[in-house]
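Pulled from TrEMBL:
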TRANSMEM  23-43  transmembrane segment
DOMAIN    30-479  domain 'Major facilitator superfamily (MFS) profile'
TRANSMEM  85-104  transmembrane segment
TRANSMEM  116-135  transmembrane segment
TRANSMEM  202-225  transmembrane segment
TRANSMEM  287-312  transmembrane segment
TRANSMEM  324-346  transmembrane segment
TRANSMEM  353-375  transmembrane segment
TRANSMEM  387-407  transmembrane segment
TRANSMEM  428-448  transmembrane segment
TRANSMEM  454-475  transmembrane segment
Amino acid sequence: MAGGFVGGGEAIAGRAEQYEGKITGYFILACIVGSFGGSLFGYDLGVSSGVTAMDDFLIKFFPEVYARKSAHLHETDYCKYDNQVLTLFTSSLYFAGLVSTFAASHLTRRRGRRATIMVGAVSFFLGGAVNAAAANVAMLIAGRLLLGVGIGFGNQAVPLYLSEIAPYNIRGAVNQLFQLTTCLGILVADVINYFADKIHPWGWRLSLGLAMGPATAIFVGALFLPETPNSLVEMGRLEEARRVLEKVRGTRKVDAEFEDLREASEAARAVRGTFRSLLAARNRPQLIIGALGIPAFQQLSGMNSILFYSPVIFQSLGFGNSAALYSSIITGSMLVVGALVSMVVVDRLGRRFLFIEAGIQMISSMVVVAVILALKFGHGEELSKGVGTVLVVAICLFVVAYGWSWGPLGWLVPSELFPLEMRSAGQSVVVCVNLFWTAAVAQCFLAAMCHLRWGVFILFAALIVVMSIFVILLLPETKQVPIEEIWMLFDKHWYWKRIVRKDPKLLALVSAPQLKA
């Protein structure tokens, strides 16, 4: 297929059955190094949640929060951490990321996915250094903004890199390496927080400063990464693109796949106003599902509220400081388990199955949490051991379901949907929407927990119901479909075909003589 709704008829008919290749060591190395871009995102998610629960950190930067946390008053059960400056420490990173992703889009398109990953690593390194040396809240926020730029660049480029370099029949599992390393980054950060909390009074500096480690590893590793053949073709470096494709696939018989890439590039160069083209009728499904719906719903599921504030939540529910950090390690482990399960089954069971099954499990878990809190919590007393255990189990079931569904698929599915000519721009919108809702949830969750109390978990359950219906009605199954032929699914979908077939470019393509042969 020729990258979207324009191109040669032979490609439209589908060349997937002619693709050849095998899993090579060069391909495995590229996937491992490239996917570690997710560890930046994951480490930050984990470390910020733990640091905001550390007493030494609160005493230095947010003494009023520490005083309220220590008061043990009835009215503070749900509101101990309701402080907008404290939540700004978390959310400022994501506001910076959603702005920087548009600069990342330009760099990704002009200089390639690899260069964008490297720029993100440098910015993340600088942010970690500033945070570790922070003497006041202003330095904390400045460091978070630099980290946000790194996240914006990394999240823009890494999912594209993995989807493009993977053979189509295992694209789902390969792309989910991003989610796996994100989860591993969260788990590593949780473990570091647990031990750093015992180092007084500077343990929080160690947690924040160690962000420089994965940033350094990713930058050095990226020096040895190949650029994706798709990106090289897009930049007009055709001979180099073919050499990389042959090396990655382990064969010289790459004519069919290379021809799809070349035609996709020709279509991309014919497009003017890439961001404007997202509004065209032929791209409406990609815009609604990939750029707007899935990235927003991924955050509105409530998962990132738990990731950001799991130690805070557990402390608010009566767990001690160390117990809260230990509980966050358990939830982080569940996230890794979910990611591994998803990698194994995503290309067998499909995207839709995982979305729907996990939706049922997540709704049930949130309802259990809400009911327990409504009946047993909010009276200034610590929860019993048995009730606390049930809460942790319910949260773990929620986390593991998210780990094999909305977590990895929230990045995989959008990266699959866009044709080459709009892939970079589309991914920028994906990251922007994702980080906007990430920042909004991070900024509002503690206030919502304070005012809605147990009702905030009912709100998340209701949102997951909406998300599941969205998937059932509008998302076609993309497993085992080559990335340059995804658009065909919308032309056959019960709803989207009514919209995409109104596009004049598609009408001209469908009436082309070669399609009638």
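Residue 1 is the first one shown; counting continues down the chain.
The backbone N, Cα and C atoms fix where each Cβ goes, and this holds for glycine too.
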Does the chain bring the transmembrane segment (387-407) near the transmembrane segment (324-346), so that three or more CB pairs sit under 8 Å (pairs 6 or more apart in sequence)?
yes
Could you tell me whether the transmembrane segment (454-475) and the transmembrane segment (23-43) are in contact, taking contact to mean 3+ Cβ pairs under 8 Å with a sequence separation of 6 or more?
no
Chain residues outside the transmembrane segment (324-346) and at least six past its termini with a C-beta under 8 angstroms from it:
46, 49-50, 53, 172-173, 176-177, 179-180, 182-184, 186-187, 189-191, 193-194, 197, 306-307, 310-315, 354, 392, 395-396, 399-405, 407-409, 412, 479
Which bits of the chain, at least 6 residues beyond where the transmembrane segment (454-475) starts or stops, bring a Cβ under 8 A of a Cβ in it?
285, 288-289, 293, 297, 300-302, 305, 351-352, 355-356, 359-360, 362-363, 366-367, 369-371, 373-374, 377-378, 406, 413, 445, 448, 495-496
